[in-house]
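Undergrad: Features from Swiss-Prot:
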type	residues	note
BINDING	Leu127, Gly131, His132, Leu133	(6S)-5,6,7,8-tetrahydrofolate binding site
SITE	His235	site 'Plays an important role in substrate specificity'
MOD_RES	Lys236	N6-(pyridoxal phosphate)lysine
Amino acid sequence: MSSAPTDAFFRTPLSERDPEVFAAITQELKRQQDQIELIASENIVSRAVLEAQGSVMTNKYAEGYPGKRYYGGCEFVDIAESLAISRACQIFGCSYANVQPSSGSQANQGVFMALLQPGDTIMGMSLAAGGHLTHGAAPNQSGKWFKAVQYGVRQQDSQIDFAEVEELARTHRPKLIIAGGSAYPRTIDFARFRKIADEVGAFFMVDMAHFAGLVAGGVYPNPLPHAHVVTTTTHKTLRGPRGGMILSNDADIGKKINSAIFPGIQGGPLMHVIAGKAVAFGEALKPEFKLYAKQVVDNARALADTLVRRGLDIVSGGTDSHLMLVDLRPKKLTGKAAEASLEHAGMTCNKNGIPFDPEKPTITSGVRLGTPAATTRGFGVEEFKKVGELIGDVLDGLAANPEDNSAAEARARAEVAELCRRFPIYQ
């Protein structure tokens, strides 16, 4: 009896091959169609990106780099990766790109391996101030392998405390200074960071995972003229598949990063994901992407303004980007309770600590909201004003009825459903 796959192996659809997984995917599609996604780190990719990521390139091993592989049969995956590299360089105005990191965290780890030795000092924004785990937080590898110094924000306005940055840099002489974060809503003065880095002889790295798409769209400052190296995810505002990327204009750093990614921390790259990255980068080069990026920021400001009118505080007083931190203390609510109630109303977000938060990280005094995904659906300023009113209604209901907010949630959920019907996805 032959052990070779039968014709059914190549023809049987997922719905028949594995009904349980198919059901989970179908239910997730319905969730995305029927809920307003307000998680700042999430977006909705095009059908073209989905097709590329679900392609036969998932079958191919391709250790190495285009033209220098350790496997045969790479001529076509080389095309996809070369397109991703050249398009990334065109988008961000740089001479080097590595598109192989499988996540933003691995992109950061690749930079650390290329430029640092265990025990070196790094400096990044503290998690409590809006930074990211991989910028030196104690539970993360970056906080275990390196001496991590953390800067924060000013108490009066929740913006980067450059006096503290300068003092810490001069005191600790870090080898690497990191700018960027996961919950910082304002533009960052990259030139000032670079000046501080040069003064103490440090490399300057920008993690633009959250705002890369805004840079691509021309509505947020480009860090490449200032940073030695830039890392990013390829999803979030860039609207590609989940993955990472490293950019630079320094050829020597590029060579070190290539070695750090492969063979340093990764083996075979995910070629189906890289194909999806190439498609997304091609989309980001089109004129309509600039309109999208501008709309993301316009929508964020409209949402923030509406929430302020509804009696909520916005950390730092507003936003220059796609995200905002909402301080719930004026309503005497926690982020944990608000996240749950908003999800019951059909609006997905995440609880998030705010600067100088008195609550535990598992509870928090705030929520983080973002506009990229709903903007991709087609929401404009008026729709986001409506979303802000719905959030206000749900939170007011929760403040009045903390044990049972089902009535306010149901009213909001009906209006959320109507908005989602007006702006469908994947029909």
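Yeah, the Cβs are placed from backbone N, Cα and C, and that goes for glycine too.
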Undergrad: Suppose we draw a 10 Å sphere around the Cβ of Leu127 ((6S)-5,6,7,8-tetrahydrofolate binding site). How many other Cβ atoms does it contain, all chains included?
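TA: 22, counting other Cβ atoms within 10 Å of Leu127 ((6S)-5,6,7,8-tetrahydrofolate binding site).
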Undergrad: Between Leu133 ((6S)-5,6,7,8-tetrahydrofolate binding site) and Lys236 (N6-(pyridoxal phosphate)lysine), find the distance joining the two CA atoms and give it rounded to the nearest Å.
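TA: So the alpha carbons of Leu133 ((6S)-5,6,7,8-tetrahydrofolate binding site) and Lys236 (N6-(pyridoxal phosphate)lysine) sit roughly 17 Å from each other.
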Undergrad: In whole Å, how far is the residue listed as 'N6-(pyridoxal phosphate)lysine' from Leu127 ((6S)-5,6,7,8-tetrahydrofolate binding site) when you measure between their Cα atoms?
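TA: Distance (Cα to Cα, whole Å): 19 Å.
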Undergrad: Residues with Cβ closer than 8 Å to the Cβ of His235 (site 'Plays an important role in substrate specificity'), same chain and 6+ apart in sequence?
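TA: The list for His235 (site 'Plays an important role in substrate specificity') reads Ser41, Glu42, Asn43, Val45, Pro241, Arg242, Gly243, given in order along the sequence.
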Undergrad: Near Lys236 (N6-(pyridoxal phosphate)lysine), which residues of its chain come within a Cβ-Cβ distance under 8 Å, counting only those 6 or more away in sequence?
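TA: Set apart from Lys236 (N6-(pyridoxal phosphate)lysine) by at least 6 residues yet with Cβ under 8 Å, we have Ala40, Ser41, Glu42, Asn43, Ala209, His210, Ala212, Gly213, Pro372.
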Undergrad: Name the secondary structure element type, per DSSP in three states, that contains His132 ((6S)-5,6,7,8-tetrahydrofolate binding site).
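TA: Looking at the DSSP assignment, His132 ((6S)-5,6,7,8-tetrahydrofolate binding site) belongs to neither helix nor strand, so coil.
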Undergrad: Note down the number of other Cβ atoms within 10 Å of the Cβ of Gly131 ((6S)-5,6,7,8-tetrahydrofolate binding site), including every protein chain shown.
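TA: For Gly131 ((6S)-5,6,7,8-tetrahydrofolate binding site), the count of other Cβ atoms within 10 Å is 25.
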Undergrad: What number of additional C-beta atoms lies within 10 angstroms of the C-beta atom of Leu133 ((6S)-5,6,7,8-tetrahydrofolate binding site)?
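TA: There are 17 of them.
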Undergrad: In the same chain, outside Leu127, Gly131, His132, Leu133, whose C-beta lies within 8 angstroms of the Cβ mean position for the (6S)-5,6,7,8-tetrahydrofolate site?
TA: Gly124, Met125, Ser126, Gly130, Thr134, His135, Gly136, Ala137, Asn140, Gly181, Ser182
